[in-house]
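As written in TrEMBL, here are the features:
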type	residues	note
TRANSMEM	26-46	transmembrane segment
TRANSMEM	52-73	transmembrane segment
TRANSMEM	85-103	transmembrane segment
TRANSMEM	115-135	transmembrane segment
TRANSMEM	147-167	transmembrane segment
TRANSMEM	187-209	transmembrane segment
TRANSMEM	221-239	transmembrane segment
TRANSMEM	277-301	transmembrane segment
Amino acid sequence: MNLLPTTSTEVAPHPWIRRPQPGPGWIRIFLGGLVLWVATVVVTFVTQNKNLVPTIILVGSFLVPVTFVTFAFRRADAVVTAQRVFSAFVYGGVLGVLGASLLESTLLTHVSGWTYLVIGMIEEGVKLAALWLIARRLPFYTARDGMVLGAAVGFGFAAFESAGYAFNALFTSSGLSLLNLVETEALRAVLAPVGHGLWTALLGGALFATASRSRSGRPRLRPPVVGWYVVVVLLHALWDASQVVAVWLTLFLTGTKAQWAAITRLGELPGVTQPQVHLFTVVSWTLLALDGLIGLALLLLRSLSLRR
């Protein structure tokens, strides 16, 4: 019988001491980042301080991608760790941008009717390769984890690509244009959720699902992966070609004989009317919305099939 008093190593928390709260949710990240971006834009407009331009570019380009990666990271497991998601976002994004730039400068020596399809093949191919490099030695594979890591790679690609577009928009023939920069970042931020992140999420789900069913247990280029690759390439090509398709649809619906003759002979479209400009804008945004809805529907169907 032990007569010595027992001591407990556990210390009851003081009632006034609050338990540590979990990290900020994706909504708080988005709202906080949006406030910072708007504040930076306003201060830059007021002070004309060019030193703040990099802050506008970085915050504006990375805000939406980081928000959606945080949203996808809500259910972490042994594969989808914070370190791995961060690596997929940064390394996958940078490798994708570098690979796409090298291949496009080598293969796309002139513009043709196949340009948008080739761009889609190159960019989706390098993102798939980057995802494979990051995920080739994981302990196990599930389609859901593939979607999350694929989205991280895709949004990383989108963030770095958007930063490049914003930087180029800053320079005009009349000098630096802060308005062009802000408009470019706002537009790409609105479109980011249904672009690269969505497409690579579909590819990642297919790649990991194939790995989970293979004997080797490793990601391989199987027919399902190739099939989804074709799907996302087509979505990507339609997205990039939306303005060209909108021009031809507008011309088909409202074009005059003189405009048809000029565009056939000179490749130019003279005498564009204001109604044609409005129709072009509507058709262009409709095509982008249709492309995004198709991608979202495919992702939703894929997610629902995994729950059965």
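Note: Cβ is positioned from N, Cα and C throughout, glycine not excepted.
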Open item on the list: I'd like to know if the transmembrane segment (52-73) touches the transmembrane segment (187-209) in this structure, counting it as a touch only when three or more C-beta pairs sit under 8 Å and are separated by 6 or more positions.
Closed with: yes
Task: Other parts of the chain folded back onto the transmembrane segment (52-73), taken as Cβ under 8 Å at six or more residues beyond its ends - done: 25-26, 29-30, 33-34, 36-37, 40-41, 43-44, 80, 82, 85, 89, 147-148, 151-152, 155-156, 158-160, 162-163, 166-167, 170, 176, 178, 181-182, 185-186, 188-189, 192-193, 197, 201
